Amino acid sequence: MLTLLEPPGAKRSPTVGNYNNRSAQHLLNLAPEEDDLYETYEETEDYAENEPTGNILTRSFQFLDQYLVGQSSSADYNDRWKREFRARPSWCDADLCLQQMNRGKATGNRYALYSRSLIQKLLFALGNTVHRNAWSIILAVSMIFAVCCYGLQYVHIETDIVKLWVAQGGRLDEELNFLPNIKEAMRNVTGDSGPELPRENGLGGGYQVLIQTPEYEGQDALAAGPLLKHVEIMKHIASFNVSVHGVDWSLSDICFKPAPPSVAADSAASSLGDVIDKIVPCIWITPIDCFWEGSKALGPHPSLPKSSLGPLGMLLSSLSDGDMIRWSDFDPIAVIDEIHRSFNLGSHYTFFERAGVSHGYMDRPCIDPLDPECPPMAKNYFDVCPHIDRVREIAKKYGTELEEEKKKDSGYSFFDFLGRKKREAGDQPKMIHPAQPADSIPTIEDAVPAQVPVSTAPIPTTTTLSPEEARAAEEKEKKQKARELKDYCKSYRKSAFEWLKKNKDKWPEVMSENMYPQNVDYAAEMTGGCSGFASNVLNWPEDMILGNPRRAKKGGKLSGADALQSVFLVASPADVFLRFKQKPGRNSMKTGLDMDAWNETAAEQVLQAWQRNFTKSLYNHKANVDEDGNERRTLHPLASTSIADMLEEFCQFNYTIILAGYALMLAYAIVTQARFDNCLPATESSMGLALAGVLVVTFASVAGLGLATWFGIEFNAATTQIVPFLTLGIGVDNMFMLLHNYRDVVKLAGGHAEMAILMRETGMSILCTSINNILSFLTGTLLPIPALRSFCAQSSILLTFNFIAILTIYPAIISIDLRRKKAQRRDLVCCLYGDTREESYSMISKPKIQSKRIIGAPSEASIMQQFDGITQAQMASSDDPAPWSLHSFIRYYYIPFISKPASKVAIIVGCCALLGASFIGMRQSTLGLELGDVLPEHTAPAQFLRARDKYFSFYPMFAVIKGPNIDYAHQQRQIDNYRQSIGSSKYVIKNKNEEPSEKYWLGLMRDWLISIQRGFDEEVAKGSFNLTSGTVIGSNVSEDARLAHALMCSHGSLFGCAGRVGKIRLVDASGIINSDGFYNYLTAWFNVDHMMYYVSQASFFPTPPKWELSKNHTENFIPAAEPLAYSQIPFYLTGLTDTAVIVDAIKDIRSVCERFTDQGLPNFPQGIAFTFWEQYLFLTGNLMQAISIITISVFCVISVLLFNPWAALMVVCILGIMTCELAGFMGLVGIKLNPVSAVTLITAVGIGVEFTVHVVVSFLTALGTRSQRTSSAVDRVFVPVIHGSFSTLLGILMLGFSEFEFVVKYFFIVMTALICIGIINGLILLPVLLSWFGPRREISPTGGKTTLTLPPPLPKNANSSRSGGDDSDEDDEPSGLVMYSRQAPPTTRTSGGNRGTVGNNTRRLPAV
């Protein structure tokens, strides 16, 4: 059949050239034979009814034929479309293929064609519907999308990193929520019994951390400079204040403090409750606790004057001479001893002994021995008094006059007199410098300088003094002289120390070398860690406070370290609220605080404000800037609010980056679709469609996010930083596929149902790619990481919306643009017409030529002369590839190249080498995800985490015992064994006895009971108890003994002393606590020794009831505590340097926990390591499961849509190769395997379909040999696939500008690599494999032909019910032009809807 574009004799005319996109395919040996373009139909060949048979298969075919065959007629299309059909029949119309198979003209995969026919008919109907109702479709779908967008107002961005990371519904989630769930179940209402230890929630919780890193490479942190710098930073933190609710708050207000010993209400010390609360220091874990300077930051803050102690402050001679109570000169044990001598402290005194509260910091060495306040008890104390005169002399010699410090006039009081008298009466310790021989110390007389005014008043001699009186007078004179010397030394002490610091080179003129101030060996002092003010219970392992500690030999003392770390424990909001809540009989703890507005919410606001300002203050500290003003970050703070605040800030949509990314995509889409005519957009240009396509995809993405919000899917960093760009890049792929086929279909359809044909021919590829993309992200939700589940779920929803939009709104817009083209209006500037509109004929817009006009041979030339120019102009842009275009390169260079056998072998060898390299990369791949990578660069939390990963391998953990169905009383030995088994792990820090370094509640309770038993035994020896009746008969029984009596009498709900007092032991010889009264003892220990309870970090729930010891021993029943539903044992882990080691430690400790759970002691571990690395135990299994599921899904989807398992298998094989190569690439470039990279591997399977399925579908639908079909497939789809690849690349390009390192590393880099790998495998390797092993074509003409002829037109009555005959505009009706054929068949041919007898020697030309 001829077309009006090619009259007889003009086919090979050089002026006509290649007139469609198959015209040059003779270069690829794909052009059909010229005689095959025409077919003469005989009436006898028209469809004969198949005789029904009993064959079930035949009957099924007949049933399917009834609905899927015979709905399309070859008369509906022009010759150009028929040319396309003959080369790739099933691509164009599976119905016509089945008609030819029924006629016996072809054989093939009937099942695939039935499936294809069904899908094509649905798509055809969709295209027709959209074309007829374009504006209605746009309005309706847009309204639905707009309703979905309404959900965006409910967006919630999740910033809790634990909720983002911990798998929901899994073992870890159950363990983290065990305590809240058990509290909810038991509904226990707790009173004001005291603060709970701040619970760590993964990255801090109640822990605020500071890391100090070296100022330059190689700096030793265990030197005076870094240590003193840390002291100053700690002082800065301790004195840092924020104003909230009109009140200033410092760290001491919100820090965690162990509860002070309880004081009975009738005690003389009860009025000192507020003072004791202020004196008890904050618990912080710091390396400077090894030294006296550690006390400087303890305060108290604000300063606590002695006057707050009332008369006691004046009477206590053990207090320092200053007006303020400070830990830097406070000797706790001296004060306690003095108070104990006056007021019997009872069990509280033994508590201080057990806790190791001795001299506080007074006996610890000084970092700087030239500090004027360095106490005499320090081992490197330097006494400057003997050298004061010499210092003054030498200083004056060099032009410096030491400044005398004026003595403060503090007045005089009676209490001061008493206090001083007591001090004078006491013996003062005589301090000897370590390097100074005792006999070399000058006597006081010798040390007093001549200019010191010494009292020389003669002793009255009116009476003769006895020898004793003379000696007393002499002694008094010496003391007077010593006091005067002390005052003199004190007045110049500070200035003398300052001069010595600045003039170390002058020391030889002042003193001999052996008397120089001596620095201690800092590394030796810090070996084994440091201790807080209670040295027996507050121990800080060196791995916790020192970064990368070094030793000269294993087991020896430290030789150095790289960093210092301090940890501040911050109380819970409930504790802060109770701390400042007005208490009966007590003064307000915070002046100016509005008690009416004071509640837990207000306390939480105080905590958050302080923590935020703490981080900001240290991050901008002057220590982070060098002398030249350049950033030199050495202080790295982290507060529990830091990560949440940072995530909330950076998880917001960055509209600048988003707009830039979308503008770049718009520019690319417009440039690729632009066609110009006289510097104006041509009619065949599609810039408007490209612009509309990007906007449609954007609108669909926004609507998808809105629906995701309706579904309750929370936003996170992946949502805001990745999803907009990734879905844009993937979503526009289908847009480019539609636009690429749009031009061809418009020319091929000949004005008949263009949109329906476009959807029918392109829809299959869109279905395959879109469904697989959606499924791949849905499969990603199998990974149990909430943040990644949200990301995958949102991506799948957005891709679904993109899919809907690309099948509804976008075709409707194309339909509107089609009318523009038919009207010959220019693109974008629709008010202008194309230059050729008036004088030319278009395939789309045809002049109204008389339908019955007969064109004879003599007028052929004149007719073609009229249309030849427009034909050349319209076809130049798409039919014949433009010179130097990508399509031209593909057709004329690339396809011939890959068709050569040598090239195929080279490609296979190269791809095998690439695959081999990927296997090497996979072997090098390691597990892990640096927590710093998931946070934005140049933020305080990210810098902190990187410093922590570099310098520290220390993590705290807890072993949690799950009640309440545990019999603690009878399972004590098992609990001890459980703790010992965990402690035996090589990762647990141990003490010198090879036991876990941290004491735990059962051991501390046991020690307390033993001390109580010891006090009881002493009273029994004195006869203070009647062991028969169990009564107290002594008059002055110690508090410990009375407490032991109450413990022995209380057992369960009973109180009976007879037969128990003196007969039972609170703790037996094997260390087992008496089981009868175990829960009674637990109550007593919790209330009496509760400071040890808090130190033990036991976190009991439910907490034991309140109880206090009464003076009436008959009223001392101790109520039993409820069985514990929750308790925990602390451990410290070290050596956790990387993910592999951490995972091994988790496995080791988990195995112990599981073993004891099987033995009847339910338990689980908890801590940072378990929270963030637990998923690595199951990552490989989850990854393999997800990849298997998506691979099977892809196989099933392609098999169902194409009904060709062999084609699906080839696609899956290529996808498998791509996944392996991507995994190998990540291993080679050092991208670790973790849940984030696992998502990219899973989605790579679905995204990889974009590079393969288009080629396979085109290959299946083409005719010819495998090589010819491969060449045809590459020629047809290479350009749109490349456009899709570049659009995806442009979409993810903006990810490279994200502040999040994990976005850049795990999405931008990996996705870019995926695109490159996809192009290599989909457009280079796959064509080679298809040319060798490709699946059989879906249909094969009989008789060995390489083209398939069309079936005869359907009878009018058979064709009347088909859609499409009147679906297009009026301009689409066939023109009815008739011309002579070059052959004169005896039959009549009809075209379009106008079928009639034309004559024996004529035939009607189809619409063009």
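Cβ coordinates come from backbone N, Cα and C, glycine included.
Scan Swiss-Prot for N-linked glycosylation site across N613, N1026, N1112 and the hit is N1026. Looking at 1-20, 301-320, 341-360, 821-840, the range tied to region 'Disordered' in Swiss-Prot is 1-20. Considering N188, N241, N1036, the record held by Swiss-Prot lists N1036, annotated as N-linked glycosylation site. In Swiss-Prot, the annotation N-linked glycosylation site falls on N599, out of N21, N599. Through the fold, the topological domain 'Cytoplasmic' (1197-1217) approaches residues 109, 111-112, 114-116, 119, 764, 767-768, 771-772, 775, 911, 915, 1191, 1245, 1248-1249, 1252-1253, 1256-1257, 1259-1260, 1321-1322, 1325-1326, 1329-1330, 1333-1336, 1338 of its own chain, all at least 6 residues removed from its boundaries and within a Cβ separation under 8 Å.
Using a Cβ-Cβ cut-off under 8 Å and counting only residues 6 or more beyond its ends in the same chain, the topological domain 'Cytoplasmic' (1298-1305) has close neighbours at 650, 657, 717-718, 721-722, 929, 932-939, 942, 1231, 1236. Note on the topological domain 'Extracellular' (1260-1276): residues 25, 28-30, 86-91, 112, 890-891, 894-895, 898-899, 1202, 1204, 1207, 1323, 1327, 1330-1332, 1334-1335, 1337-1341, 1346-1348 of its chain, located 6 or more positions outside it, place their CB under 8 angstroms from a CB of the stretch. In the topological domain 'Cytoplasmic' (1298-1305), the DSSP tally of helix, strand and coil residues is 5 helix, 1 strand, 2 coil. In the predicted structure, the topological domain 'Extracellular' (1260-1276) carries a mean pLDDT of 89.
According to DSSP, the compositional bias 'Basic and acidic residues' (468-479) comprises 12 helix, 0 strand, 0 coil.
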